[in-house]
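Here's what Swiss-Prot has on this protein:
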type     : residues                                                                              : note
REGION   : 1-268                                                                                 : region 'Amidoligase domain'
BINDING  : SER14, ASP149, ILE150, GLU151, LYS189, SER190, LYS191, PRO192, THR193, GLN194, LYS225 : CTP binding site
BINDING  : SER14, LYS189, SER190, LYS191, PRO192, THR193, GLN194, LYS225                         : UTP binding site
BINDING  : SER15, LEU16, GLY17, LYS18, GLY19, ILE20, ASP72                                       : ATP binding site
BINDING  : TYR55, GLY355, LEU383, GLY384, MET385, GLN386, GLU406, ARG463                         : L-glutamine binding site
BINDING  : ASP72, GLU142                                                                         : Mg(2+) binding site
DOMAIN   : 293-534                                                                               : domain 'Glutamine amidotransferase type-1'
ACT_SITE : CYS382                                                                                : active site, nucleophile
ACT_SITE : HIS508                                                                                : active site
ACT_SITE : GLU510                                                                                : active site
Amino acid sequence: MAAKYIFVTGGVVSSLGKGITAASLGRLLKNRGLKVTIQKFDPYINVDPGTMSPYQHGEVFVTDDGAETDLDLGHYERFIDINLSQNSNITTGRVYSTVLKKERRGDYLGGTVQVIPHVTNEIKERVFRAGRETGADVVITEIGGTVGDIESLPFLEAIRQIKSDVGMENVLYLHCTLIPYLKAAGEMKSKPTQHSVKELRSLGIQPNVIVVRTERKVPQDMKDKIALFCDIKKEAVIEAWDADTLYQVPLDLQAQNLDQIVCDHLQLNCPEANMTEWKELVNRVSHLSEKVRIAIVGKYVELQDAYLSVAEALRHAGYHVDADIDIDWVYAEQVNDENVDELLNKADGILVPGGFGDRGIEGKITAIRYARENKVPFLGICLGMQLASVEFARTVLGLKGANSAELNPQTPYPIIDLLPEQKDVEDLGGTLRLGLYPCKLQEGTAARAAYGEEVVYERHRHRYEFNNEYREQMEKAGFVFSGTSPDGRLVEVIEVTDHPFFVASQFHPEFVSRPTRPQPLFREFVRNALAAQA
């Protein structure tokens, strides 16, 4: 059958949970037996978020094919349990870049290039391509930003046109809004929702479903009022309450028949979603009997979205061992030799995540040394793996001044150096070693035991790599290179002997973790952290 298209927009304010709503609907439709793909359009002019500050954007989520994308793609992958691609995150910058390249090639035959039709046609092509290349029954597209933003207008015009292109029975518009509660008046207010829908309708888009974000139950008379003023069916006003766990949201939406409303509108004849496994997950999450305290020593801890996938992967591992994860966010710049014990002695495990730049580096190295010397379970990711190598070289081998060439180009001992193919690269954007690469694991190591396989595939995002000139010297001192590229040239995983669990990877294992299938390194890290309590 031809693909069906669902467009998710947002109004009133940002951060309403459009991404979670879209991902939850995707899960419900998948569990009805439909093949679902999902994408996000971001209105900013950056080509991708790869060079944006985490303070501006949160984490950069990396797909199998190496796309640097919005963190909402992490929600999509975790909820729907699918692997997405570069076609799943499109920015204004990418659209305009493509249009300008076509203009330079002469593809427009000398015509005047305009927002309509050239930019909108390019946007529509990205929607249709997502369905074509995946063979999806349903394509869900989230439009970033808020209705009324000037940056979003070309995207909204494009999705308006798609209804004419494919027929109204093949398109559904879902609009997310806010119903605020005014504490002083003791009232909930629907007026912002009405005005948001009025703005959307002025652009030619009539929503079929309205999902209202709310702190408390919405009275039926208010839902009826929204339906009347926004010209939708009463049952198509759906509530999205604040939930104790994100994974409750699909069940809340199913309880209000959202997926059935969508299927009826799109004329999809499919069985009811079987959410038994999902209900078991939510029940498990709600009744965890243990508690594990993990210290994340990072550079951007003030904005926890910068490490969103790391935190989620820890929680997934916790679900597996029946443990609630209590995260201590430790600001790396504040860690030093004098206070490291005070900051970290309550942690059952210590994690140093990825990052770029030299701020907070010495604090991270101090935390790594503390974990190694005090036998605290440790997991390092990307930069965390590189700094674990530097710490070992400095402390155990006595190589004073050892460092990464990224952080100190004049270091006498460049334990971490540029990948050979990166030596002459000048552009920062899109030039890292990105995406899925194989890793061969050594027999008899913690990493091999965790995965239970010799060759695994993980996602990468780095420019620097372990310097093989120091490999033999560090191996003799008890440093284990437990994972490498299949040709043995690139170091992928390191470990330390005589330690309950000290493992660090050059790749980013957090990106492939799922709530029902925790990533192996995270699972073993949390399991060892729990065991350390005893």
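Heads up, the Cβ atoms here are built off N, Cα and C, so glycines get one too.
Locations of recorded Swiss-Prot features on the structure.
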residue : record                   : DSSP class
LEU16   : ATP binding site         : coil
TYR55   : L-glutamine binding site : helix
LYS189  : CTP binding site         : coil
GLN194  : UTP binding site         : helix
LYS225  : CTP binding site         : helix
GLY384  : L-glutamine binding site : helix
GLU406  : L-glutamine binding site : coil
GLU510  : active site              : helix
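DSSP assigns ILE150 (CTP binding site) to a helix.
The distance from the Cα of PRO192 (UTP binding site) to the Cα of ILE150 (CTP binding site) comes to 19 Å. Comparing Cβ neighbour counts within 10 Å across the binding-site residues SER14, SER190, THR193, GLN194, GLN386, the minimum falls on SER14. For the region 'Amidoligase domain' (1-268), the model gives a mean pLDDT of 94. Straight-line distance linking the Cα atoms of GLY384 (L-glutamine binding site) and SER190 (UTP binding site), rounded to a whole number, equals 48 Å. When Cβ neighbours within 10 Å are tallied across all protein chains shown, the highest count among the recorded positions ILE20, ILE150, CYS382, LEU383 belongs to LEU383. Less than 8 angstroms from the CB of ASP72 (ATP binding site) sit LYS18, GLY19, ALA22, ALA23, LYS40, PHE61, GLU142, each of them six or more residues away in the same chain. The Cβ of MET385 (L-glutamine binding site) lies under 8 Å from the Cβ of VAL493, ILE494, ALA504, SER505, GLN506, each of these being in the same chain and 6 or more residues away along the sequence.
Taking the binding-site residues PRO192, GLY355, GLY384 in turn, the residue surrounded by the fewest other Cβ atoms inside 10 Å of its Cβ turns out to be PRO192. In three-state terms derived from DSSP, GLU142 (Mg(2+) binding site) belongs to an extended strand segment.
If you measure from the Cα atom of ARG463 (L-glutamine binding site) to that of CYS382 (active site, nucleophile), you get 10 Å.
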